[in-house]
Amino acid sequence: MTFYDAPSFFKNSELIEEGDTVIIYVTFDSTHAIIARRGLTLCMKYGALRHEFVIGKPWGSRISATAGYVYALRPTAELWTRSLPRRTQILYTPDCSLILQLLDARPGSVICESGTGSGSLSHAIAMAVAPTGHLYTHDIEESRTKNVEQEFREHGLADVTTAVVQNVCTDGFFVTNACDGVFLDVPAPWEAIPHAAGAISRTRGGRLVSFSPCIEQVHDDAYTLSFRSPLWKCVDVISQFVLIP
């Protein structure tokens, strides 16, 4: 069985098979992720949907539930972000896409991430670097690490990911002199910057990206980085609605 044949977000089969992760699209604001198993039922806004009615259908099919219609969609990192179980506050697709660009994440890249949280960005990175790259994701909570490891196995991403319980601000990263990029989403990212420098490959070089929800974090990051390199920048992601006359 090859990487792309395994049950995963990369599977190329035309029909939904038992054991596949399926995103059930109910409305724009309501999606559910299920693992298709005979004998199970999803209860949601449009009533009940038996998994048997999903298995064997082409991806993208419109399927009748007991009180309306839903769509069975092939999983992607973006759809997983909309439907994953929330264990923490998550990063959404606009932020994830910019982070991937700034990290220059591509097939074959080695990326370190902290913290894992609910695994939204983790899935986006893993899918970007697969099948030849690797994601090392770190979190201080063992329960979150175990949950995301289980999801990686269910989604066929276990071979390109390693989830570890580790405080990168005090103990550094799982690997040294190996990464093409490091991502930080931690309370005190400036404390992890020296460790991030040690994780990045000394021969290939790499990029450091830090997500900071408050300006105080940005200020302390900038102060720490000013002693190491002048080549850094601050980017703000703003959603803007445009009225078309």
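Quick reminder: no glycine exception, Cβ is built from N, Cα and C everywhere.
Caution: TrEMBL annotation is automatic and unverified by curators.
Per TrEMBL, the S-adenosyl-L-methionine site holds Ser118, Gly119, Ser120, Leu121, Asp185; the candidate it also names there, chosen from Asp104, Asp139, Asp171, is Asp139. With the fewest other Cβ atoms inside 10 Å of its Cβ, the least crowded of the binding-site residues Asp139, Asp185 in this structure is Asp185. Fewest other C-beta atoms within 10 angstroms, among the binding-site residues Ser118, Ser120, are seen around Ser118. Around Gly119 (S-adenosyl-L-methionine binding site), the same-chain residues at least 6 positions away in sequence with a Cβ under 8 Å from its Cβ are Leu84, Thr137, Asn147, Val148, Glu151, Phe152.
If you draw a 10 Å sphere around the CB of Leu121 (S-adenosyl-L-methionine binding site), it holds 27 other CB atoms from the protein chains shown.
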